[in-house]
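Please read the structure below before turning to the comments.
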Amino acid sequence: MKKWQLFGTTAIGASLLLGACGGGGNADSGKGEGEVKGDGSSTVGPIIEKLNEKFAKDNKDVTVSSGTSGTGGGFEKFISGSTDFSNASRPIKDEEKKKLDDKGIKYDEFKIAQDGVTITVNKDNDFVDELTKEQLKEIYSGKAKTWKDVNPKWPSKEIKAYSPDQSHGTYDFFTEEVMDKGDIKAEKNADTNVIVQSVQKNEQGIGYFGYNFYEQNKDKLKEVKVKDDSGKTTEPTKKTIQDGSYALSRPLYIYTNEKKLKDNKGFQDFMKFVLEDKGKSAEDAGFVALPKKDYTEQQSKLDDIIGKDSKKDDDKDSK
């Protein structure tokens, strides 16, 4: 029987711990065992949860846990060596790479899904249908105090801007893509659900977060189209997010500790499952799968990292 246990890790989430059920065995017979620990992005968290649910069915001797302390918080734990993998909604930063290098930790990057940072306003807002990146920058830099400051045709009502806090990869992505690395002046919160609720309650509210959060709350919020640098206006949909035509599309990642991956058959089995799933769990969680060839290419990359011995074990196990 599958067991679920929740352990609070931060204000924004909890660690999901799954004791798997199904086939038996140990490392010698080709089956993994033991613990696999992760942490990181609250955006990626629901995908890992869906993957764990499926993986648990055939891997009773492997326990996978994953916290949601944010991309930055996840990397801190990854750098300290307390986790085997780190979930991220942005690429690893140079300073994080350096810290890993200083500790002699080799890591590998895997893309597992595609997301689109979605801009939303209050459901009763009847004038904001689209925004340029420059207008978003004016709002989130504090330069535009009222909607009229953004567009002379809009009402002179004070804007209430909401944002994830600095622990989120979504914050870093927005800072990079929209703010040109400038400061965000908005009411920040570690809990994305609080941002959703704030925009819902405030008629002059505006907020941003991952596409799946919008999908879960689209009956409560109004989505805003984004005009890219070429002047093309696009709304976030599964198609525009996957093909990258939506201006705020981004990949979602799992970073793995290479030594721990090589030493832990259960970890290897989990990562193989992640890639063999080919984005089905991401779609189940409201995200967008990568093109199938991307998963196939990364499966080859994983095989190269793990080595031929692991592949032989799998061949034995399947006979």
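Glycine is treated like the rest: Cβ placed from N, Cα and C.
So that you can see what the record holds, here are the features copied from Swiss-Prot:
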- 80-89: compositional bias 'Polar residues' (COMPBIAS)
- CYS21: S-diacylglycerol cysteine (LIPID)
- CYS21: N-palmitoyl cysteine (LIPID)
- 25-44: region 'Disordered' (REGION)
- 61-98: region 'Disordered' (REGION)
- 297-319: region 'Disordered' (REGION)
- 1-20: signal peptide (SIGNAL)
**Item:** Intrachain neighbours beyond the compositional bias 'Polar residues' (80-89), with Cβ under 8 angstroms and 6 or more residues off its ends
**Value:** 36-41, 43-45, 48, 66, 71, 74, 103, 105, 115, 168-170, 173, 210, 250, 252-257, 260-261, 264, 267, 271
**Fill in**
Using DSSP three-state counts, the residues of the region 'Disordered' (61-98) come to 15 helix, 9 strand, 14 coil
